[in-house]
Amino acid sequence: LAEATLAGGCCPGASRNRFAYNEAGQVRIRAGLPIYECNSRCRCGAECPNRVVQRGIRYDLCIFRTGDGRGWGVRTLQRIRKNSFVMEYVGEIITSEEAERRGQVYDRQGATYLFDLDYVEDVYTVDAAHYGNISHFVNHS
């Protein structure tokens with residue numbers, strides 16, 4: 001897969017010429033490693049197997065009210081295979097200090113949509129309270 005795609009003009013150099021996905025679009029690298037997808041700098045097209053996240057949500061998902069009082073959640077209406085991309089967590093990127101401030105306000109309101117970005121350092125947080133997608137209901141289910 002990788003060799004044939006490289007000949008077609010892909011640029012997975014940041015991932016040492018190894019794609020993060022297999023032919024079915026499932027993640028095949030170790031958890032915790034960053035994923036570098038092809039982009040506008042590549043000569044490959046939109047159907048390149050190294051463009052998974054940028055294709056967006058491909059599953060039928062449903063927001064529902066939990067029966068046990070935990071709030072809202074997300075469920076799928078179809079089977080999702082292990083290591084498949086489901087959705088990205090979308091929101092406003094803020095500093096951890098701002099997240100602490102907002103977190104106190106959100107706690108008083110009874111809802112929070114904060115997700116720490118701690119891949120390298122715990123410096124930034126994603127706040128999906130005002131800008132987001134269906135993913136901000138996942139951490140409540």
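Every residue, even glycine, has its Cβ placed from backbone N, Cα and C.
Those TrEMBL annotations? Automatic predictions, nothing curated.
As recorded in TrEMBL, the features of this protein are as follows:
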type	residues	note
DOMAIN	6-56	domain 'Pre-SET'
BINDING	C10	Zn(2+) 1 binding site
BINDING	C11, C38, C42	Zn(2+) 2 binding site
BINDING	C38, C44, C48	Zn(2+) 3 binding site
DOMAIN	59-141	domain 'SET'
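For the domain 'SET' (59-141), the DSSP counts in helix, strand and coil order read 21 helix, 23 strand, 39 coil. Cα to Cα, C44 (Zn(2+) 3 binding site) and C38 (Zn(2+) 2 binding site) are separated by 8 Å. Of all Cβ atoms in the shown protein chains, 17 besides its own fall within 10 Å of the Cβ of C42 (Zn(2+) 2 binding site). Over the domain 'SET' (59-141), the average per-residue pLDDT in this prediction is 86. Packing around C44 (Zn(2+) 3 binding site) is summarised by its Cβ count: 18 other Cβ atoms lie within 10 angstroms of its Cβ, all protein chains included.
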